[in-house]
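Engineer: For reference, the structure I am asking about is given below.
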Amino acid sequence: MSNYRNHAIAGILFALPFAPSLFYLFFALLGASIPDMDHVNNKNKVVVMFIIGVILAVALSVYDKLPLSAMIIILVAGIFYVSKHRGFTHTLLGVSVLSFLFTLIVMGFIPFINKLLIVSNIAWPSSILLFVVMILVGYFIVSRKYLLWYVLLVGIYLFLFPVDYGNIGSSNVFLMFFIGAISHIILDLWTPAGLCLFIPVSYKKYHRSMALLLILIWIICSLHYITVNGSLLTNFTSIFKYA
């Protein structure tokens, strides 16, 4: 079984050809850990996620009639709680849905926190707003063993290279979450247990041959993307762009 560190490294490496800037790799790092949130060892984190979601939903409703991001946190916590390990969260449908929901959480909280600060007459740089959102999401997903390192890396990056949240592209955020999660799937396919990738359509288990097929698809997509759009690997001037 691959450990957290291996999944994190794989998520970054698989996302690298598609990342518009270094900052987006944080989303790939998070995405690489999303599938294992269904593990019994993470049940306490999922319960905390649910409680925080409820608290945020109640608190944010004071300023917003529909605290969508908080409601999505509750929904995601529910999905993780009821999912059997290596079940729905380890399927192509599961990682697609969860990547989309986490993208909504990120993109929904950024402008909302900004609105909250405006109402409270507090002026914070956009990088701080983004930092708060990244730490909130990271708190839910990142292993407690590495959480402090994650906080430090995000904080140092945003301090050295401030990011205007208005330049963060939702499609790129989703892509990074998704590729990170797919990298997790590929590593788990390499284990003897295999995965039922196509639940609920099929419960057939797939193993290394499917992992090799997904890697081949990744190589083809990477080469095409780099050829058409360029990437950090070919254009170092784009390293700190965010759109």
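Placed from the backbone N, Cα and C atoms, the Cβ positions cover glycine too.
Where the annotation comes from TrEMBL, it is an automatic prediction and has not been curated.
Below, the features straight out of TrEMBL:
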- 12-34: transmembrane segment (TRANSMEM)
- 46-62: transmembrane segment (TRANSMEM)
- 68-84: transmembrane segment (TRANSMEM)
- 91-110: transmembrane segment (TRANSMEM)
- 122-142: transmembrane segment (TRANSMEM)
- 147-168: transmembrane segment (TRANSMEM)
- 174-199: transmembrane segment (TRANSMEM)
- 211-228: transmembrane segment (TRANSMEM)
Engineer: Can you see whether the transmembrane segment (211-228) and the transmembrane segment (147-168) are touching - at least 3 CB pairs under 8 angstroms, only pairs 6 or more apart in sequence?
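Structural biologist: These two stretches do not touch.
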Engineer: Are there three or more C-beta pairs under 8 angstroms joining the transmembrane segment (12-34) and the transmembrane segment (68-84), sequence spacing 6 or more?
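Structural biologist: Answer no, regions not in contact.
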